Amino acid sequence: MGQVFLLMPVLLVSCFLGQGAAMENQRLFNIAVNRVQHLHLLAQKMFNDFEGTLLPDERRQLNKIFLLDFCNSDSIVSPIDKQETQKSSVLKLLHISFRLIESWEYPSQTLTISNSLMVRNSNQISEKLSDLKVGINLLIKGSQDGVLSLDDNDSQHLPPYGNYYQNLGGDGNVRRNYELLACFKKDMHKVETYLTVAKCRKYLEANCTL
């Protein structure tokens, strides 16, 4: 009987520690989702502002080219539709989100558009991407109970954006900026979707449908 009473405080402490870790993990999820939502909105605004500087014919032509082209980050394997996203594990969605954010750390520094607001935004974006990458890595560690973490050996190395755009013609700067902004907007929407679904699945929220 005495041993039972001695074990009770230990069990209570373990229970409280477990609850504390779960609450901290949920807090990190909320922060990550809020940050990527902000990045997505910022990417949408930058893209819309840039489109507003183009002539209608130029905008239509660039949109046609972009629909036939692909983004540098498309080499990262990710769900192809809503159904596949819903079926993916929380850990898989976190890993893909990490890769997508990581793929934009360097390109985000090259959004040098001749607009002071956009240049300030590009600097702000680089910082937010780095913070979000750290946050997602913490979520991955929490989901794996700290057994594994993402390191350099586990990274998918993407081709540099400089090579990706080196064959563009005389209007390369305009097309390059258009595609960078369009791809950034697309990828931030992906990460927002994946983190939202992962959070919903992790904490069994009422409606996880897309």
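Glycine is no exception: its Cβ is also placed from the backbone N, Cα and C atoms.
The annotation signal peptide is assigned in Swiss-Prot to 1-22 on the grounds of similarity to another entry.
Taking the Cβ of Glu192 (Zn(2+) binding site) as reference, residues of its chain lying under 8 Å away and at least six apart in sequence are, in sequence order, Val33, Val36, Gln37, Leu39, His40. Swiss-Prot lists His38, Glu192 with the feature Zn(2+) binding site.
A helical conformation is recorded for Cys183 (disulfide bond) in the three-state DSSP classification. Every protein chain considered, the tally of other Cβ atoms within 10 Å of the Cβ of Cys183 (disulfide bond) stands at 24. If you look up Swiss-Prot, you'll see Cys71-Cys183 (among others) marked as disulfide bond, on the strength of similarity to another entry.
Residues annotated as disulfide bond in Swiss-Prot, with similarity to another entry given as evidence: Cys200-Cys208 (among others). All protein chains included, Cys200 (disulfide bond) registers 19 other Cβ atoms within 10 Å of its own Cβ.
The disulfide-bonded residues considered are Cys71, Cys208; of these, Cys208 has the fewest other C-beta atoms within 10 angstroms of its C-beta.
Sequence-distant contacts of His38 (Zn(2+) binding site), defined by Cβ-Cβ distance under 8 angstroms and a gap of at least six in the same chain, are Lys128.
A straight line from the CA of Cys183 (disulfide bond) to the CA of Cys200 (disulfide bond) spans 26 Å.
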